[in-house]
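Enquirer: Have a look at this one before I ask anything.
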Amino acid sequence: MLSSAQAPRLVRSPGLRLRPIKCLHTAQSSPLTTTTTAPSSQILTIRKSLLTQQTTAVDLAKSFLDRLRRTEPQLNSFLYVSPDDAVLKQAEELDNKIKNNEKLGPLAGVLVGIKDNICTSDMPSTAGSRILENYCPPFDATAVRKLKESGAIVVGKTNLDEFGMGSTTEGSAYQVTTNPWDLSRVPGGSSGGSAAAVSARQCVVSLGSDTGGSVRQPAAFCGVVGLKPTYGRVSRYGLVAYASSLDVIGCFGSSVADAGILLHTISGYDKFDSTSSKREVPDFTSQFVGKDYLESKPLKGLRVGVIRETFGDGVDPEVISSVRGAVTHLEELGCFVTEVSLPSFSLGLPAYYVLASSESSSNLSRYDGIRYGNQVLGDELNSLYGYSRAQGFGSEVKMRILMGTYALSAGYYDAYYKRAQQVRTIIQDSFKSALEKNDILISPASPSVAYKIGEKKDDPLAMYAGDKMTVNVNLAGLPALVLPCGFVEGGSAGLPVGFQMIGSAFDEEKLLKVGHIFEQTLQVSSAVPPLIAGELTC
Amino acid sequence: MASRAALLVLRATPPLFSFKKDIFPNKTLIFKQNNRNYAAKSCLEPPDVQRLAETARISLTPHEVEEFAPKIRQVIDWFGQLQAVDLQNVEPAIRADNEGETLREDLPEIFENSNV
């Protein structure tokens, strides 16, 4: 626990106050569209304009589709886009419902992107891999089914690192997605396509999956909100399994409210997922208070713990100062901030990679060229398996399968897999005790901002090191919210920095409430990437 | 590969087994697999990428084996830091156990299409 002598580290120091976005740009950078209003919920705005008939669902869908098609050649965030007439037909049906005063679902008219490792029965689901090229699942994932029941329109499947293995989306077997803030940089991964699509307003919200940070890190890189729910909050039925004890489906939105509304729609017990929780799903956004109604210290009494080990070596100084600025802002809102130490923190990364590689080697054994997916013939069964898998899988996937096979082999299991599980217990316990003394814990979402495409491709350990902020949360199964908190120099308009808030198990409500107040009182999150600057955003 | 050949020679071979792959291809394969299990028990040998690929049923090209071996070795060495941690009396966690028991009631469930 922090002694009072160390507290001054967190007192605001000169130069750390977040400046309005305009001050960060030099004369030659292109102008950035900024607004002085806080980000509003696009979902609620759309709902209001549909119900008051200010706009029709068809017009709305057309404007998103236009923007999608215009920005897609530069972004490559989608692996599959629904044909226009299919989307417009759903929008028309919705308009008819509105005319007939029928009840609308909570996501009526909202265009959603779905990460391609989540099964959709009417669209291919490749998980970013050639082994599942053109594979159309016979069912919808539970999360997708719930979205459709709520009136959402699925606009397409977004790009990802193959099977969720990677942190840049360069590992996709099909295409590389670019970061809307700087097209020469990665959007993060593995849900890079989903993050980029929301960042560039190609869709309103999107679904991703988070096994070791795959929703939170791209959210930070692309300057959007990323929400990882508690393990068991959202059914994994229909999510292509990578590491079954770590995978969750997560949400992207341009505001905290949107991420919260989306999470509420997809959460809940599912008999098809034995790890899904039977707990009641509260209305996550019912606690939200509009900006004009906030008291002067709306978060008074909230205990915030800043994780000491996430501010040390290997973290960009600019990221540190941006996140410390966010912490200062939380203090201004009334939070009681202290520093927390989690001594086992650094063990999380090797433990995670042992567990994830091992579980993935088992989960990916089903891609044998027989059950489904592409097949390459061989002289006998083993070579059919061998050739199908060799040609279907990319090199990162092959390496992780091999490492997992090694860690699970007879004689090595105790040394690697069992040890990693024991480290996992230690990490779970350390988070539990830190969260008894604090309501939420804070860290940067990533040690750096988005790096250049190709920069980390050949060095696996360097790429893995970028996950150190996020993996522990998956090992502990806790919820986490990533919000933009500032920018650093780079690209034509700056590169976003995200900070991460970690909560207790099933306490997404508190995270979202704090995140909402934070974002409403800090204008930086309303900026949009230069790629779409100057346009009307719905 | 040389060590495997040496082990093949050292084992007493029953007359049924032949090393001529084309006559008894499947039996030779089984024989090789048995051989592999005996060899794998020793303490923490570095990963043999070719052998792992056969276990995982992925046919790697020799170029791929060469490319992956140093990277895999590097990552496995990095995993080695888990050996240094004191983990006495720590229970392994299968997953983030936020819920406890998730078994349903032990009651029969009638399905509509049970005669299909």
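Glycine residues also receive a Cβ, built from the backbone N, Cα and C atoms like all the rest.
Keep in mind that TrEMBL annotations are predicted by a computer and have not been checked by a curator.
According to TrEMBL:
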type	residues	note
DOMAIN	A:60-512	domain 'Amidase'
ACT_SITE	A:Lys115	active site, charge relay system
ACT_SITE	A:Ser190	active site, charge relay system
ACT_SITE	A:Ser214	active site, acyl-ester intermediate
Enquirer: Roughly how many Å lie between the Cα atoms of A:Ser190 (active site, charge relay system) and the residue listed as 'active site, acyl-ester intermediate', rounded to a whole value?
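Expert: Checking the Cα atoms of A:Ser190 (active site, charge relay system) and the residue listed as 'active site, acyl-ester intermediate' gives a distance of 5 Å.
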Enquirer: Cα-Cα separation of A:Ser214 (active site, acyl-ester intermediate) and A:Lys115 (active site, charge relay system), in Å?
Expert: 11
Enquirer: Note down the number of other Cβ atoms within 10 Å of the Cβ of A:Ser190 (active site, charge relay system), including every protein chain shown.
Expert: 34
Enquirer: For A:Lys115 (active site, charge relay system), just give me the three-state DSSP call.
Expert: strand
Enquirer: Across all the protein chains here, work out how many other Cβ atoms are within 10 Å of the Cβ of the residue listed as 'active site, acyl-ester intermediate'.
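Expert: Around the Cβ of the residue listed as 'active site, acyl-ester intermediate', 36 other Cβ atoms lie within 10 Å.
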Enquirer: Validating a neighbour-count step here. Other CB atoms within 10 A of the CB of A:Lys115 (active site, charge relay system): how many?
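Expert: Other Cβ atoms found within 10 Å: 32.
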Enquirer: Would you identify the secondary structure of A:Ser190 (active site, charge relay system) according to DSSP, in three states?
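Expert: Coil, per DSSP.
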